[in-house]
Every structure is written in C-alpha cells, then in structure tokens.
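S.K.: Please see the structure below; I have some questions.
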Amino acid sequence: MISVLGAGVAGLCCATALVEAGHRVELIDTGAPPVSRLAGGMLAPFCEGDGAPETVVTAGQASVDWWAARVPGVTRRGTLVVAPPRDSAELARFARATRGHVAVDPGTLEPDLAGRFARGLFFEAEAHLDPVAALAALRMALVETGVPVRDGPARGRIVDCTGIGAPLPDLRPVRGEMMELHAPDVALTRPLRLLHPRFACYLVPRGGGRYMLGATMVESGSTAGITARAMMELLSAAYTLHPALAEAEILTTGTGLRPSLPDNLPAIRHDAGRIHVNGMYRHGFLMAPVLATRLARMMTKEMQDAH
Amino acid sequence: MFYGTDLTSRLMLGTAQYPSPRVLRDAIAASGAEVITVSLRREGPEGGAFRDILAASGCRVLPNTAGCHTAREAITTAQMARELFGTRWIKLEVIGHADTLQPDPFGLVEAARTLCADGFEVFPYTTEDLVVADRLVEAGCQVLMPWGAPIGSGQGLRHIDALRAMRAHFPGVALVVDAGIGAPSQAALAMELGYDAVLLNTAVARSLDPVAMARAFGQAVAAGQGAHKAGLMPPRDMGVASTPVFGMAELA
C-alpha cells in the first residue's frame, strides 16, 4: 500500500498516476484546503520559458494531453500575451525569452481587445483549465476506482505531497495573491498575460463571465489576506487590459504559499524514508502530471526490483 | 571606502526578479560582487526563508527601503532591516514619483538626518542635484548614490555632465551610480568617470542569461575602475600619430 499524503494538485496527480500503474493507493487528506485551488490553471509551458528552465518547457508540454484525458474542461485556445504601447519593449523581450509563439493582432483573436493593443504574441499550443473543477474531477475518479480517502497518520510507503507543510529544509514559501472577478460585459476566451515591468498580471477565463486575476510573487511566508497594494496593482493591470473590467464584481480574493525549492523547479526527493513530490512553485498544474508519471514509473521499478 | 569598509569588487547587485534563488546565487558568484541589496517593505518579517538564502551568499547585505514613499515609512523599514540583518547599513530610498520612481529629495534628507543620528550608515538614493547632495552630507551621509536614470529603465547615464560635476564637487565622498544602468558599457563609463561603485539589478536579473550577464557586468566595472586608476587620455581635436614620421626609412 502506498499512502499519498496531501490532496492538492501534486497529491491527486500522484495518486492517479500510481493507480493507473496498478499500485494500491490510499489518499490521506487532512482537510486543509490545498493552495492549488487558487492557481491560474494555465497549461502554458512555452510562456513559462520566460524564467523557468528548459525542462519546464519541454516536459510541461505533455501535461495538456494528460489533463485532457482525465478531466473535463481542458480548453485548448492558446495564450495571448500583450503589452501596453509604451512597454512594447517588454513584448520584444518576452518573444526572445520564449518560443512557440507567433506575432498577432490581438483583436483578431479576441474581438473585445480590438484597437486596444497593436501587437501581441499568440502561443497556440497552450491550454487552460479550472483548478477547482479539475481537482474535484481527479478526486472523484480516484474514489470511484476504490481509492480510500481518509484523515489520519500515513502508513506504508509514504509519498509526501503536502506542499509548504512538508519537512524539507530548503523549501521556502513564495506568497501569491489573486482574485476572482465576475465581468459578464467582457468576453475573453483564452488566458491573457499583460506584460509590464512592475505590474504584470494574467487573466484566465473561467466561463460564465468569471475570470481569475493573478498573481503576485512575494518572497514571504505571510498567510494574511490580500494586501491593498496587491489588489490595486492587479486591478490597475486588469483595467489596462480592458477598462470594462473596472465594473466587475470581485467574487473572492485568495492568498497562498507556493512551495518552492532553490531552483524553483518541482522535484521528487527521497528524505527520511519518505518520497517527497514538492516544490511546485508556480508550475503545479503544468508539472504535477510530469512528476506523477515519473514517480509511478519509479515505484513500479522499485516493486519489480524487490521481487 | 564605504563607511570604513573597503571593497575589491565595485559592483553591487540587487536581488529581485531573478528566475530562482539558485540563479541569483550563481549570478552573484559570477559577478564577483561583495555587496547585495535586498528590499523589505513588501516582504516584511515573514520573508525569512529568502533572507537566509541571501545571508548564505557570504556577501555583505545592504538592506533597502524600496517601496517607501515617506520619510516615516523609510525610517520604520530601516529599523526593521537593522534588526533582521544585524547591520547598520541602509540603502535609503524615498520614492517621490510613482511613474519615474524619482527620489523625493525632501523626504530623503529628513529620513537621512534621523537615521544618521540614530547610528545608521546611510546610502541615500538621490538625484545628481548638488544642493540635495550637500544636505545629505551635512546630515551625516558618507556615501551618495545618484541615479543614472529612472529605476529599471536601462537608459544608462542620462545626465553625464551632472554626474561629472558631482564627482568633482565631492572628491572625498564615496559615490555610487544607482539605478538606470542597462548595459556593461554604461557601468564601465560610470567607473571611468571616477565613481566608486555601481549598483544595478534589472539589467542582470531580467536578462536571458543572468549568470553570464552578471559576469559581463563584473568585468565591465573592473575594466572601468582600472582605466580610471590608470589615467584616461584626454580626447584631442587632431589625429596624433603614435609612431614618429621623421626619420623613417626610405624604401623606394
């Protein structure tokens, strides 16, 4: 029996991949809401190439198909990256830092942006999903295949997917702040990224006029609510994307701590008899399937070697 | 000398916006920088994990008050920095303009007075205005940090004659060009003018290869410093042949 500890995106992906590889698995859920519910849910390996190492770009591409095969609602409409006219140098820089894009007139892809931005970058192969719905779908599928979900101490072989709570000495928190808007007047169909030297943001459509607006990156372990500064910066960036977003209803705000390793790269670690799948940083939905697949392969080999 | 501390490398590096702490660590090492600056205003006391990483770099930490818009905010942030880092050094920033991030000279002088009197060793981020600089020195600052250009703009030394005048006016004060440097050549130029150091962040952190860029800046700063020490030749109006014309062999 393998105990997967933690029911966020890392835990659910690991449990799913292990079950699919034929392992007996139980899921330990302490009931604490996972931070991955607050994620953007962008499956954007090419955009993440700005800053992330090449392995995120290459390995992450597989995750679009992984999710699409297991949960409903994976939308393949690419990502649109824009910059205000006076920050057009940012767009040139982003184009140099990434690949898999073509230059577009943003209005041809998103009519609501017509006339607002002269140029944009379109990353056609990218996709997005709704994190809350995707996590629920994975969990339900596990329960339906007979995986026990319980609270309490882990036993057997332990796969620790508890994020920032895990006992890894070099794990650090990177605080993120986000909000969800209801803006039925605005029709945008794919994730948008606004480049700005200070107030960057992204907007991910959730359907029904709802949008996720994110996200700050602060080297802090504070779990306090969203700061006024973060809210002002995110909202003013959203206003730059489309002024009608100023009329949006703010549905929720959220803050969470991204578990991050020194290279900001998700990893499988062996420590004190446990296997850790951690360090998702800002790549949870993109990289958890990659690590889960790797973990399942590793544990299958481990079992075969034991026999 | 920077408040009695001598530095071999005259490049000071900011620590924000790097792809990861590991890249930051490698960039610091490649640049040879001995001083790194770090902000506190937004991260607060809960930023301990990142501060531990900076402390492990072995560099001298110069905490800054980035993000402060009033003297009072800056003073509070400086006091927190002293407690968290155990240093009297503080890079004092009081921002006066949200768009250009230009320092507010009035708040700056006020905060510098209070902090110097409180035993801080203040590195004020200022403009090239000589009157403001005089006031800062009066307040007790032994280092001045004029901007090259607005923070993060990469425009280089926008008012080079004013920076020259500042160097001439304050021969005994350590001068650091802080902000606006986009290219190693600009950093080298600041050092050729006789500045004591250069502080920058974005040009390295947001480049496509921060480690390689950090190394390039380290080399440029060393080159500019070496050139200034060696005595740059003055520009001349006419060509001056470097080999004598008379007495050459007649080969025809």
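Each Cβ is built from the backbone N, Cα and C atoms, and glycine gets one as well.
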S.K.: Looking at TrEMBL, B:Ala179, B:Gly180, B:Asn201, B:Thr202 are annotated for 1-deoxy-D-xylulose 5-phosphate. Which of B:Gly152, B:Gly226, B:Gly231, B:Gly239 sits in that same site?
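M.R.: Of B:Gly152, B:Gly226, B:Gly231, B:Gly239, B:Gly152 joins B:Ala179, B:Gly180, B:Asn201, B:Thr202 in the 1-deoxy-D-xylulose 5-phosphate site that TrEMBL records.
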S.K.: Report, in sequence order, every one of the recorded positions (B:Lys91, B:Gly152, B:Ala179) having a CB within less than 8 angstroms of a CB belonging to chain A; if no such residue exists, report 'none'.
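M.R.: Cβ contacts with chain A under 8 Å: B:Gly152.
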S.K.: Taking the Cβ of B:Ala179 (1-deoxy-D-xylulose 5-phosphate binding site) as the centre, count every other Cβ atom within 10 Å, in any protein chain shown.
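M.R.: For B:Ala179 (1-deoxy-D-xylulose 5-phosphate binding site), the count of other Cβ atoms within 10 Å is 25.
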S.K.: Roughly how wide, in whole Å, is the group B:Gly152, B:Ala179, B:Gly180, B:Asn201, B:Thr202 that binds 1-deoxy-D-xylulose 5-phosphate, by largest Cα to Cα distance?
M.R.: 9
S.K.: Quick check for the class: what is the C-alpha distance, in angstrom and rounded, between B:Lys91 (active site, schiff-base intermediate with DXP) and B:Asn201 (1-deoxy-D-xylulose 5-phosphate binding site)?
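M.R.: Roughly 14 Å, rounded to the nearest whole number.
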S.K.: So if I draw a 10 Å sphere around the Cβ of B:Gly152 (1-deoxy-D-xylulose 5-phosphate binding site), how many other Cβ atoms end up inside it?
M.R.: 21
S.K.: What is the set of residues, excluding B:Gly152, B:Ala179, B:Gly180, B:Asn201, B:Thr202, whose C-beta falls within 8 angstroms of the centroid of the C-beta atoms at the 1-deoxy-D-xylulose 5-phosphate site?
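M.R.: After dropping the recorded site residues, what remains is B:Gly14, B:Ala149, B:Pro150, B:Ile151, B:Ser153, B:Gly154, B:Ile181, B:Gly182, B:Leu200, B:Ala203.
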